[in-house]
Amino acid sequence: MEKVNSLLRKTFLFLIAFYPWINYVFKKVPKLGSFWDDLLILTFFLFSVFVGYKRIKDLVILPSVLFAILFASVSILGFVFNNYLFLAFQHQFRLLFEPFFVFIAVFLINPNKDEIHFYLKSLVFSSVLLGLHGIYQYVKKVPTPAQWVDKDLERTSIYTRAFSVVGSPNVLAGYLELGLPVAFYYVFEHKDYIKKALYLVASFSILGGLLLTFSRGGWLGAFGSLFTAFATFSPIIAISLVFLGFFAIYIIPVLRLRIISLVDPSYIQKSLDSGGRLFRWKYGLVNGFEHPLFGSGLGTFGSSAGQKYGYFSYTSMDSVYVNVFAETGFLGIISFVLFISYGFANFVYKFFSEKKLIYLFLGTSILAILIHIFVENLFDVWGITLNFWFISALSEVLND
């Protein structure tokens, strides 16, 4: 029975770590593709309740759970006071909260050290495959949609952006920035030089794929979080990372172009025009200030639900924070930030208390996403949020 239990636990951990690849396969299967991820979350949660029911009483004292309840309560009150289409509310509420059941499941099963490292190494392996596939796409010049680059500034220089099997460069960057700090952790953790070398190769494979997404949000999240981590325990490495970044931008024209185009006056003007990113952010902030307590209601402004049900005529708000503020007001954005950032704060506390690198680098993975969602709406991507909440849950159960 114990072997069956261990096998089932590792199966769930593997499915979550390899979500992008499994989702790519299952989406091609008629009927199954539309609900397999719901089934994964449900079965993992029910399994966790069955094997970890004795820990249910401990859930109520977890800050992450309390913050989740707080944000959910604000969202429900926003729906009640704004009185709009329930389907829009239900759609966005589900996107934000259903993946959190993975956090609860991980806490309940309380994985042992072997299982935790099985998950982390699976995540690294999955990320390496995504990175290598992205590099392959760039080398082979796989055609990509014209709207993925600025037609006036970048089209003649950037002919392909890596997207692997996830269909979007920004989404691929989100996956890779979760796995990259974990790969670096194993470089520093292992004493065996062969294993160090293998994980260093893995790190550069992930890094190469990340660079070739040309996702500025992904670059900001990954390098911002890694700089913070390295500055904490080795300022020399942090400074070297900065010099390496500037050197890469200097010698690689396409990287330099991608950075410089961000501050080009014509790009900024297009972004400020109707429908541009800066325009949408301003529009979202105005909406939040017009509905300061509860916003205009979850699923009504800038989210995928808002677009689907006709409440928002533009493309995605991109910034998760602006989106949540517009839809749930000040009470919503405060409770949301507490909800998603507690895992990071817990890792930081544990690192400074125990000085163990695993806490630092797992916190770095979470921080990368927290930074990236300033400019991209990655919380609609379940593969990212499932792994985000899994790693966040490790801040409660990991005692390395």
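Keep in mind that glycine also has a Cβ here, set from the backbone N, Cα and C atoms.
Taken straight from TrEMBL:
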type	residues	note
TRANSMEM	7-26	transmembrane segment
TRANSMEM	32-53	transmembrane segment
TRANSMEM	60-81	transmembrane segment
TRANSMEM	93-111	transmembrane segment
TRANSMEM	118-139	transmembrane segment
TRANSMEM	197-214	transmembrane segment
DOMAIN	202-337	domain 'O-antigen ligase-related'
TRANSMEM	226-252	transmembrane segment
TRANSMEM	320-345	transmembrane segment
TRANSMEM	357-375	transmembrane segment
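Just going by CB pairs under 8 A, the stretch in 7-26, 32-53, 93-111, 118-139 that sits most against the transmembrane segment (60-81) is 93-111. Remark: secondary structure over the domain 'O-antigen ligase-related' (202-337) totals 101 helix, 0 strand, 35 coil, with classes taken from DSSP. The stretch in 7-26, 32-53, 118-139, 357-375 that contributes the largest number of Cβ pairs under 8 Å to the transmembrane segment (93-111) is 32-53. Within its own chain, the transmembrane segment (118-139) is flanked in space by residues 10, 13-14, 16-21, 111, 160-166, 172, 175-176, 178-180, 182-183, 185-186, 199, 202, 205-210, 212-213, 387, 390, which lie at least six positions past its ends and keep a Cβ under 8 Å from the stretch.
Confidence across the domain 'O-antigen ligase-related' (202-337), taken as the mean pLDDT and rounded to a whole number, stands at 90.
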